[in-house]
């Protein structure tokens, strides 16, 4: 069972049966053929593990700098607000998908299909005629966002591997406050990326979520261990934050928004995870529990990290930790967690692109094309990480554009489109419009600031360190 329960034979056969409508024809290559409820599916615990791992990524380590960019008061409050809005929009998306699946008598509709079918019910003639572009737009944004996550993961793992290997001779057994060491790299970071590349290619060949849940459990254990060490250090002797600004400059706040919205990485996995549950009706409880844990963790780490290091807060909190073997292990454990998280985030673009690719070949070539496309996409994320020196700003850009649209703008507008004709209250309409405006403003101004900062010169070491921890 793959993430979306795809079966090559049924998928290829469905192409020969003839669609019932133009919309179904256009979406047949990405429709998920799900298992009936009650068959082998994910348990609540397995789903919770996947949900946590999807949302606890590299962005978590950059939250102290994000709080610094917003201010000691404005940062945590804004992070809480973004978290609540994101979860609310996840619930909206789930409700819209469930409503459409019941109306159309479908077992399941994905994000793109929900957008397309929703536009088909819109009173506007032009939108109805071009409803399929709603699915294309969502699919494009999902691919860009998820592959952007994967590119960050590549740089993160390579940078940490480089630091652990090349700074081994200056790493001590005594843990003292960090002295920032500027060492000339022995090997280019691209060499470390190429070392990681074949292992990630093999990892993404695993399509079974129940198998991946084992790796997710291991990833959560290593991440929990690294978080325990980080919290143990930052909570020891926190200085009184009297000199820290409660509100930062508005320009840096725009970068905070892009980073914060990017940090909530799991919006693309919400519908597939619910689809793969043995009892999908339990997903709401899993979502609220999991995202509550995530939001609390984000606020605590970001706020305490900034209070601990103040103006010296680095792009990743790991750069502020003592240069000893105990805290070097944080990089190793977190990198292991990110390694397995790569496979989860990779599933979404793979399941959008691969069905189209295999529909162009005969059944005998389906498996070969599947594995080839997976390998090519992993290589693409590697090349992206190699070519982009300021990945921190690129991720802020991706967060401002793609993540804002997927997490805030589209779900809110989709609720209006789908439920407007069903006596939708004015309060709900106003709420959805406000959410869309917040997402749109963040998208516009966050994009502007990221593009403004992108051409600015930056040292090689800073490019590496900031690039992986956005």
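Glycine residues also receive a Cβ, built from the backbone N, Cα and C atoms like all the rest.
The topological domain 'Cytoplasmic' feature in Swiss-Prot is assigned to 1-46, 93-137, 207-210, 274-284, 359-367, 414-425; the stated evidence is sequence analysis. The annotation region 'Disordered' is assigned in Swiss-Prot to 10-33. Annotated compositional bias 'Polar residues' per Swiss-Prot: 10-20, in sequence order. Per Swiss-Prot, compositional bias 'Low complexity' is recorded for 21-31. Annotated transmembrane segment per Swiss-Prot: 47-67, 72-92, 138-158, 186-206, 211-231, 253-273, 285-305, 338-358, 368-388, 393-413, 426-446, in sequence order, evidence recorded as sequence analysis. Per Swiss-Prot, topological domain 'Extracellular' is recorded for 68-71, 159-185, 232-252, 306-337, 389-392, 447-470.
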Cβ contacts under 8 Å made by the transmembrane segment (47-67) with residues that lie 6+ beyond its boundaries:
75-76, 79, 149, 152-153, 156, 209, 212-213, 216-217, 219-220, 223, 255-256, 259-260, 262-266, 269, 273-274, 276-277, 283, 286-287, 289-291, 293-294, 297-298, 301-306, 308-309, 313-318, 320, 334, 337-338, 340-341, 344-345, 392, 395, 468-470
Contact call for the transmembrane segment (338-358) against the transmembrane segment (426-446), three or more Cβ pairs under 8 Å:
no
Interface present between the transmembrane segment (253-273) and the transmembrane segment (368-388) (three or more C-beta pairs under 8 A):
no
Please work out whether the transmembrane segment (186-206) lies in contact with the transmembrane segment (253-273), by counting C-beta pairs under 8 angstroms that are 6 or more apart in sequence and asking whether there are at least 3.
no
Any chance the transmembrane segment (285-305) and the transmembrane segment (211-231) are in contact, meaning at least three CB pairs closer than 8 A with a sequence separation of 6+?
yes
Helix-strand-coil residue split for the topological domain 'Extracellular' (232-252), DSSP-based:
9 helix, 0 strand, 12 coil
Please indicate, using numbers and ranges, the residues of the same chain that are 6 or more beyond the topological domain 'Cytoplasmic' (414-425) and have a C-beta under 8 Å from a C-beta there.
92-93, 95-96, 99-100, 114-115, 118-119, 121-123, 432-433
Is the transmembrane segment (211-231) in contact with the transmembrane segment (253-273), using three or more Cβ pairs under 8 angstroms as the rule and ignoring pairs under 6 apart in sequence?
no
Could you pull the average pLDDT for the topological domain 'Extracellular' (447-470)?
52
In the topological domain 'Cytoplasmic' (274-284), how many residues does DSSP assign to helix, to strand and to coil?
7 helix, 1 strand, 3 coil
